[in-house]
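Trainee: Here it is, the structure, as structure tokens.
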Amino acid sequence: MKRVFLFLITNLAVILVLSFSARLLGVDRFLTSNGLDMGMLLAFAALIGFGGSFISLLMSKTMAKWSTGAQVILRPSNEEESWLLNTVRQLSKKADLAMPEVAIYEGAPNAFATGPSRSKSLVAVSSGLLRSMDRKQVEAVLAHEVAHIQNGDMVTLTLIQGVVNTFVIFLARVFAYALDSFLRRDEDESGSPGIGYWISSIAFEIVFGILASIVVMYFSRKREFRADAGAAALIGDRRPMIEALRALGSLEAGKLPKEMAASGIAGGGMMALFSSHPPLESRIAALESAR
């Protein structure tokens, strides 16, 4: 959850900054000087949309360390840190990956992988997870995160987010232009759009961005199933991953809802649409039915 949530928040912030900068530079005024140029607007939306998404990808590892306070293990100071490094190294070798950075952070049972590429990645695990699971279960969680890197999930998420951003920016300006034209219908429409266009385009970007995250989260849930299967393949046994998921369920049952969400325990109803992880029982069932 942390990996996807941080990416989405960073992406939204970058998109808003780029959009605001474009307004200051007069790009929006150029696009609407003679009515709304749909072709130019689509090109602009794609440039900002994919640009913002890839900037977010490049910032992902730094943002993850900063936001969680994760401490990268450069030289192991105890047996547990040595075991973590060796386990990730072995899993990465099996996955034919360069050794990622390994970090520990304080928090509820959780782990995540992030980074701009397969060769520049980070695997982080919380102190809560290390305290509450046995090593076979922790190894399964680490294998799950290494599988995310092996599958190129951050790059895939970036491309999906780029497409989503493009449509969000495009539609936000189309709706804002239509709203501004309606509000100024009794005025001289020969000039550039009024202040209503600038304000409403930002509002539409935020609203459409939140709604569009449903699409991103849908693909994220699909990638979780694949990472679970990848973890089972790396370990050579699906049972440790199943036990790790069951442990997460028993640890979080009846506890803090936010911690449950962070660990991938999805709620029902509308909230399930905004969850980056499928329900644990669905993930366990998928592993148990795999051959």
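In case you wondered, yes, glycine gets a Cβ from its N, Cα and C as well.
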Trainee: Besides HIS144, HIS148, which of GLU79, GLU224, GLU243 does Swiss-Prot list for that Zn(2+) site?
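Mentor: That Zn(2+) site, as Swiss-Prot gives it, pairs HIS144, HIS148 with GLU224.
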Trainee: Among GLU145, GLU224, all listed as recorded positions, which has the most CB atoms within 10 Å of its CB?
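Mentor: In terms of Cβ crowding, the pick is GLU145.
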Trainee: Which residues, given as numbers and ranges, are at least 6 beyond the ends of the transmembrane segment (38-58) yet have a Cβ under 8 Å from it?
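Mentor: 7, 10-11, 14-15, 18-19, 22, 27, 30-31, 116, 154-155, 158-159, 161-170, 173-174.
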Trainee: With a Cβ cut-off under 8 Å, give me the same-chain residues at least six positions beyond the ends of the transmembrane segment (199-219) that come close to it.
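Mentor: Long-range Cβ neighbours of the transmembrane segment (199-219): 4, 8, 12, 15-16, 19-20, 28, 156-157, 160-161, 164-165, 167-169, 171-173, 175-176, 179-180, 273-276.
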Trainee: Suppose the Zn(2+) site is HIS144, HIS148, GLU224. Which further residues of the same chain have a Cβ inside 8 angstroms of that site's Cβ centroid?
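Mentor: Output for this site, in sequence order: ALA113, GLU145, ALA147, ASP153, ARG223, ARG226, ALA227, ASP228, GLY230, ALA231.
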Trainee: To the nearest Å, how far is the Cα of GLU145 (active site) from the Cα of GLU224 (Zn(2+) binding site)?
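Mentor: That comes out at 10 Å between the alpha carbons.
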